[in-house]
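Copied from Swiss-Prot, the annotated features are:
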- CYS328: active site, cysteine persulfide intermediate (ACT_SITE)
- ALA75, THR76, ASN155, GLN183, SER203, ALA204, HIS205, THR243: pyridoxal 5'-phosphate binding site (BINDING)
- CYS328: [2Fe-2S] cluster binding site (BINDING)
- LYS206: N6-(pyridoxal phosphate)lysine (MOD_RES)
Amino acid sequence: MTVKTPVYLDYAATTPVDKRVAEKMIPYLTETFGNPASNSHAFGWEAEEAVEKARADIAALINADPKEIVFTSGATESDNLAIKGAANFYKTKGKHLITVKTEHKAVLDTMRELERQGFEVTYLGVQENGLIDLEELKAAIRDDTILISVMWVNNEIGVVQDIPAIGEICRERKIVFHVDAAQACGKVPVDVEAAKIDLLSMSAHKVYGPKGIGALYVRRKPRVRLEAQMHGGGHERGFRSGTLPTHQIVGMGEAFRIAKEELEQDMAHYRKLRDIFLKGIEGIEEVYVNGDLEHRAPNNLNVSFNFVEGESLIMAVKELAVSSGSACTSASLEPSYVLRALGRNDELAHSSLRITFGRMTTEEEVQFAAELIKSKIGKLRELSPLWEMFKDGIDLNSIEWAAH
């Protein structure tokens, strides 16, 4: 069988909308177009009914009450609403927040903004495997700590933090616990009750739903309070004003309904693809998987190939849509801050590829990707004087390079 290229292996960036989801959305664009807040006629009632059905489907995936789901424009807005909203509401109790150095920018930049407003933030480091040390977390907690934010699944390296254990610590100390679950929903089981989570951010477009829609779970018992960040008509119980986009909400609801129904088979599919890929690149020397392989979402692999420059590798495998672990925008050639936090050196951080599988990925595509990467790595290393020196047994760290 011939594989159609380019092969999409960047499902952590975004996913295609599942055809079943797209079909469900279409009527809400043209026929059932009412405003869900219009409560004086059938157009509004029908739209509201569709929104509430979606709310229930989203709640079901994470074991929440539908009343605890607040619609937003995506996980970035959910992170902002959760962190700024809780910090500002509880600031009379204290102004200390805790998060992790490997969080998504939506959390880190929000924390930085709060620092500018006078809050104090502790950024926890991670161990070599990408997981935080729970003892270190406990030691960082102070009497004035009001919020802890830890992501469930890391977007770059896919590692799964011990969220239930952190939830236990927070509940014991009466600290608000926020979790960014954009990469977790539909990839690993998520249960806000079992994990004692207070605030949880979700996104539709990582789960085969449309872009531009997300949700924030806000616990009711024990009740968590937030200060709204968007003011207007008081929609979403006052947490988030703005007309609800019925078609997008219906899409998110259907995507989450399917994700709950097919979670087991999706996870088994991802595991199988991951094993095929790892077997396919087995023979390559100096290959490092970034992040813990056990505590990891099954659809994510982040691999560093020593003595190969990440950018040249991406160009060499142009038949694959993958992302480089480094921020390979032309303006920023900084290596990935997540990989640096694992203690990877600049060379390894620069030579990484993030390969993420999805529901639509086939075994043939993964086989093709592994073989292609294997052959290109060989070719790129043949061009590398560093590889030659390494093969000759020269310790590259001991060399004094001439300055220009």
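Each residue, glycine too, has its Cβ placed from N, Cα and C.
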Cβ-based isolation winner (fewest other Cβ atoms within 10 Å) among the recorded positions HIS205, LYS206: HIS205
In three-state DSSP terms, the structure that SER203 (pyridoxal 5'-phosphate binding site) belongs to: strand
Per DSSP, three-state class assigned to ALA75 (pyridoxal 5'-phosphate binding site): helix
Most crowded position, judged by CB atoms within 10 A, among SER203, THR243 as binding-site residues: SER203
Protein Cβ atoms within 10 Å of ALA75 (pyridoxal 5'-phosphate binding site), excluding its own: 28
Among THR76, ASN155, GLN183 [binding-site residues], residue with fewest other Cβ within 10 Å: THR76
Cα separation, LYS206 (N6-(pyridoxal phosphate)lysine) to THR76 (pyridoxal 5'-phosphate binding site) (Å, whole number): 13
Pairwise C-alpha maximum, in angstrom, for the residues (ALA75, THR76, ASN155, GLN183, SER203, ALA204, HIS205, THR243) that bind pyridoxal 5'-phosphate according to the record: 30
Under 8 Å by Cβ from ALA204 (pyridoxal 5'-phosphate binding site), counting only residues of that chain that are 6 or more apart: GLY74, PRO210, LYS211, ILE213, GLY214, GLN248, GLY251, MET252, ALA255, PHE256
